[in-house]
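Heads up: the structure comes next, in structure tokens.
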Amino acid sequence: MAALRPRAALPLDAPAGLGSKRGMAQAQLTIDLAAIRANWRALANATTGEAGAVVKADGYGLGVARVAPALAAEGARRFFVATAHEGIAVRRALGAGPEICVFSGHMNGDAEIIRDHRLTPMLNSIDQMLRHVEALPGHSFGIQLDSGMNRLGMEPAEWSALREIALAQKPVLIMSHLACADEPSHGMNAFQLRTFREMTDGLDVPRSLSATGGILLGPDYHFELTRPGVGIYGGQPFADARAVVELMLPVIQVRDVAPGESVGYGNAHVARVPTRVATVAAGYADGIHRALAAKGAVWAGDTRCKIIGRVSMDLITVDVTALNKVPEQLELLGRHQTVDMVADAVGTIGYEILTGLGARYARVYTGA
Ligand SMILES: *Cc1c(COP(=O)(O)O)cnc(C)c1O
């Protein structure tokens with residue numbers, strides 16, 4: 001009958017900031033544009049040539065309409081997106097000047113978008129090359145080469161067959177991508193560098209090989225342009241990055257759970273000792289991975305509070321027994337916990353945590 005025992009209500013602190021338009025049960029994602037600019041600046045300073053900026057997947061989930069102009073204000077002139085469609089929002093955000101390059105190249109049906117938004121496809125095959133020059137003769141393009149990753153780009157044989165024709169059309173960039181740049185001692189790095197050089201040495205076209213990880217491998221890997229992405233947004237492998245995101249989750253309710261009582265779906269957590277549990281307004285629909293229930297925590301000031309029970313669609317439950325006073329909000333990302341720490345807890349990478357940040361958060365930009 002323990003479950004039916006009446007409990008004393010545990011009042012939360014009075015809500016502050018009643019003037020805000022945010023719903024009180026809406027989590028707040030704060031994105032520090034000054035930190036984004038500082039991270040790009042640091043990577044640009046570490047680059048021997050020019051640094052571009054990768055803003056695919058809506059600026060790694062942080063909102064390209066705000067992120068791209070901040071990077072342009074800091075001096076970025078070449079931007080990269082995954083698909084032509086992504087380029088539309090980036091062109092809108094940036095206006096006419098900057099170059100916007102498309103990793104997927106020129107796909108069937110993309111000609112109009114590429115032309116209207118003045119995008120620069122990185123052509124990945126002979127088919128794409130033919131499609132591009134036929135649909136949009138004289139329109140800018142680059143070439144993507146496969147130096148060993150076997151994901152995108154022309155392989156050495158295809159490139160030798162097409163080289164002279166492609167060069168006659170004046171590509172603005174020749175690029176390739178490293179598979180293992182986050183492991184500096186991996187032999188694949190030197191192998192891909194050698195392959196890329198063999199495919200491109202002596203050509204009078206700017207070259208690009210390195211993303212964030214490649215920048216950190218040193219100047220041999222930089223060529224004329226680098227393409228940092230995750231480091232701009234505060235993620236590994238850029239260890240010196242400034243934190244960019246803070247995610248604060250509102251506490252909806254607090255209750256005391258007696259030994260033997262369970263918490264959440266599947267009775268996944270059973271209290272062994274008297275436990276104070278906070279129910280917090282964010283769940284897997286907001287990008288909080290269900291696997292975070294096993295090892296994850298949120299922070300109340302400097303106190304780590306374990307997530308207990310299962311992650312629900314809209315809620316998580318947190319052990320706040322150690323707190324004298326339960327704050328209105330708990331930190332999932334911020335000063336105490338980086339995207340990479342959360343990623344480690346669920347067995348993924350910071351990139352996936354960033355790009356999975358949900359659409360329901362109230363997004364606040366600072367440092368503009
Ligand atoms: C995503 C991507 C980048 C950026 O990589 P980061 O590791 O995020 O810096 C650069 N180039 C290509 C081809 C990419 O797909």
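Cβ atoms here come from the backbone N, Cα and C positions, even for glycine.
Automatic, uncurated: that is what TrEMBL annotation is.
Quantities reported herein were computed from a predicted structural model and do not represent experimental measurements.
Per TrEMBL, the features are as follows:
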| type | residues | note |
| --- | --- | --- |
| ACT_SITE | K56 | active site, proton acceptor |
| MOD_RES | K56 | N6-(pyridoxal phosphate)lysine |
| BINDING | R151, M313 | substrate binding site |
| DOMAIN | 244-366 | domain 'Alanine racemase C-terminal' |
| ACT_SITE | Y265 | active site, proton acceptor |
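Feature map: annotations from TrEMBL on the structure.
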{"residue": "K56", "record": "active site, proton acceptor", "Cβ contacts under 8 Å, 6 or more apart": "F80, V81, A82, E86, F103, G229"}
{"residue": "R151", "record": "substrate binding site", "Cβ contacts under 8 Å, 6 or more apart": "H177, A179"}
{"residue": "Y265", "record": "active site, proton acceptor", "Cβ contacts under 8 Å, 6 or more apart": "G309, R310, S312"}
{"residue": "M313", "record": "substrate binding site", "Cβ contacts under 8 Å, 6 or more apart": "G283, Y284, A285"}
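The DSSP breakdown of the domain 'Alanine racemase C-terminal' (244-366) into helical (H, G, I), extended (E, B) and coil residues amounts to 24 helix, 47 strand, 52 coil.
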